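Per Swiss-Prot, these features apply:
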type	residues	note
TRANSMEM	26-46	transmembrane segment
TRANSMEM	62-82	transmembrane segment
TRANSMEM	100-120	transmembrane segment
TRANSMEM	146-166	transmembrane segment
TRANSMEM	194-214	transmembrane segment
TRANSMEM	225-245	transmembrane segment
TRANSMEM	260-280	transmembrane segment
TRANSMEM	300-320	transmembrane segment
TRANSMEM	353-373	transmembrane segment
TRANSMEM	393-413	transmembrane segment
TRANSMEM	438-458	transmembrane segment
């Protein structure tokens, strides 16, 4: 892991010491080298217990897939943003690349931190570079409003989390996760106090995911962010919330199991259903994809709150699968936007007549998003649905309805973008380049590997 930290840190400064002709290419190559080291270092570390790197850092089966996902998608996002950053000056492009690598370093620190104060610092350090991505390289003037929403919601959840961490230290005299899991000091407090304490812990994570009701910042941020920002935000940054939720839920296992699970799981599955219905009524392609992320992450939260092995396994699988598919959807949306300069679904249609091979990528991505067998999305959703139904059989109708509406809007995305006649007022459509096909293949290839060997994502 020290190699990953060192390479990510050096990559932040690398663009500034290379000539104007080579800095972008070398940065992308360096990103793929980081990916190679991540795959190599983490290959033998899929243990049910922590693999300690040091006293404050370690990886296990929950953090390792998310680290690999982060290092896999960073070079892809850099490749996808080449066209959108071409109009900017070389120094602006260097700043863009450095910002991306700073986010990667913060993600690696967050997913490998064993100590909660270090986890909090790394978790919050993703805020500023993400805000810079949205407000500096966004296309429309509304990006500033999106940035305000993003920072307001995130900071509103950060303060309760900080208070909870400080309180935990005063009680346990340690913030190292393995020692907290084994500690019995928490049992001396009343159930009401512990319930409030746990709410303070998880509110930052459900805002970061986000689940329905705490999601207003996400569609604005996705719509206004540049392509790299949308891909990283949907694929990785939202998973910070799920990861933190899984970690803190294990600390307060007995509290959440006895007192808080019922309202939280009910709220999450209703949120998944409502956002799936909202997606059907969307007219903006990027907003539709953003709302679909809210629905999927609401299901992830429901799976974690069941506190069952099936639920947590399903949540992990769905987070990884959603990370790849949501990034692919934003990449496809950007390919269309670069050719017709609009995200409106009423205008973005008929592309199968112009770019038939692109339609193949659309159908693969959409059917994977809806959970067609044997895709990892199906595995994750089935595990979550099974755990939720086992928790309460009356939740069957709600959670299955959410998946049905999810399938409907996924098919609507494909139908609206590829069917009907191509708009006559749009001309000079550029063919899909080889680099764009490679980008889309790099999203689908890991899913194929997971289909072949799904056990790599299972924690137990």
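Here the Cβ of each residue, glycine as well, is placed from N, Cα and C on the backbone.
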Folded-back contacts onto the transmembrane segment (225-245), same chain, C-beta under 8 angstroms, at least six residues removed: 62-63, 66, 69-70, 73-74, 76-78, 80-81, 84-85, 96, 100, 103, 107, 110-111, 119, 123, 126, 130, 133-134, 137-139, 143, 146, 202, 204-210, 218, 286, 289-290, 293, 297, 300-301, 304, 315, 319, 322-324, 326-327, 330-331, 334
Cβ-based contact of the transmembrane segment (62-82) with the transmembrane segment (300-320), 3 or more pairs under 8 Å: yes
Closest-packing stretch to the transmembrane segment (146-166), where packing means Cβ pairs under 8 Å, from 100-120, 194-214, 393-413, 438-458: 194-214
Contacting positions for the transmembrane segment (353-373) when only residues 6+ beyond its ends and CB under 8 Å are counted: 292, 321, 325-326, 328-329, 332, 335, 381, 403, 406-407, 410-411, 413-414, 417-418, 421-422, 429, 431-432, 437, 440, 443-444, 447
Considering the transmembrane segment (260-280), which listed stretch of 100-120, 194-214, 300-320, 393-413, 438-458 counts the most C-beta pairs under 8 Å: 393-413
Proximity verdict for the transmembrane segment (300-320) and the transmembrane segment (438-458), three or more C-beta pairs under 8 Å: yes
